[in-house]
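Have a look at the structure below before the remarks.
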Amino acid sequence: MAVTKQAFSKDEKYTLYKLTNASGTELHVTTFGARLVRFIIKDKTDTARDVVAGFESYEKWIESLAIDDPYFGATVGRVAGRIYPCDDVTVANQKLSLPEIQPNKVCLHGGKIGFDKKLFSAEVLSESSPSSVRFTYVSPDGEEGFPGEVEFSVTYSLSEDNAMTLTYGGRLLDGTETILNPTNHTYWNLTGFEEPTIHNHMCSLTADRYMATRPDHIMVPTGECAPVKGTNLDFVTAPRRFGDDIETFDKDTLRGYDHVFVASDKPTESVHEVARLWSDKTGLQMTVLTDQPCVVVYTGNWISDKLIGKDGVKYGNYAAVALETQRFTNAVNLPQFRDQVVLHPGDNFTHTATYKFNLLA
């Protein structure tokens, strides 16, 4: 195992950490938004493939934001997903007015300048298996409308058996109450983008429910958890090829998969499998395990085809899929889930997610 670092920006303000194991798997993470920049792994033909979307430098990332912001590789917070209505949220006995990121009073992914655009400090915790680097950011009281000063961290680890584990931590440094529900927004294409979409990727889930959404806000959950059985959201009864049903959604509002799948009613004491993704072309399979109750499956339905990423890869709709482990979306406004995202003094927020790779038999 090895951990090395290098500049990620011309002014050397941002740093890139590279974790490498004995089989040659590489995990690259930057202090810019604690983002996963590259995940390089060998396929069934021993060909090394970078299987995540992103850009090779801070400057390229900033240039891309003028075109589109799909949150490639980002640590998202304070709160992942949508909060509605963003101008009528009560936390710490005060009514908040969170920034409107999407039309009709929807706050998305922590606001205009969330964790994904912050400079994190970094500390190498271990250079032996599993090698690990911890990224930390202190979010001040009132940032993006959220109350309380919060210390937040995410540790990236790489094991010899090709498992990447993300361990999140959070605590309230000052204030009476706040909310926290982070996730990782990496987009995966297990062909290394040799195939320009994930239409041929296969997926299975253990989640047998999904969060139903409002008729007037198709992406905002109502709080009802409906069964997936008998719908094109059923990845439990049998695995699904994304391309078989991805074109069946309303292209004006949804286009493809962008759903909150429910695997449990609350966080669990240990990690459990929630998703499995594989490509027959490369033989690569990724298993997602977490202690969180939900996983959002987002098939990159709105990625601009003007984005040119690492190694000249041209992205676009359905170029890759995000599998985001988290607590219930819009939980602060849903009484049955609110306690899961509220943070008080003395509370220690934790969240673990593992993305484990192997070759298909």
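Just so you know, glycine gets a Cβ as well, placed from its N, Cα and C.
What TrEMBL records for HIS185 is active site, proton donor. Listed in sequence order, the residues of the same chain lying 6 or more apart from HIS185 (active site, proton donor) and placing their CB within less than 8 Å of its CB are PRO70, TYR71, PHE72, GLY73, ALA74, THR75, VAL76, ALA80, HIS109, ASP116, ALA322, GLU324.
The active site, proton acceptor annotation in TrEMBL covers GLU324. Its Cβ placed at the centre, GLU324 (active site, proton acceptor) has 24 other Cβ atoms within 10 Å.
Sequence annotations record features per position, and here TrEMBL assigns beta-D-galactose binding site to HIS185, THR186, TYR187, ASP258. Long-range C-beta contacts of TYR187 (beta-D-galactose binding site), restricted to its own chain and to partners at least six residues apart, with a cutoff below 8 Å, comprise VAL52, ALA53, PRO70, PHE72, GLY73, GLY300, ALA319, ALA320, VAL321, ALA322.
A sphere of 10 angstroms centred on the C-beta of THR186 (beta-D-galactose binding site) encloses 26 other C-beta atoms. The Cβ centroid of HIS185, THR186, TYR187, ASP258 marks the beta-D-galactose site; residues of that chain outside this set whose Cβ lies within 8 Å of it are PRO70, TYR71, PHE72, TYR298, GLY300, ALA320, VAL321, ALA322, LEU323, GLU324, given in sequence order. Max Cα-Cα distance over the annotated beta-D-galactose binders (HIS185, THR186, TYR187, ASP258) is 14 Å. Long-range Cβ proximity for ASP258 (beta-D-galactose binding site), meaning a same-chain Cβ under 8 A and a gap of 6 or more residues, is found for MET219, VAL296, VAL297, TYR298, THR299, ASN301.
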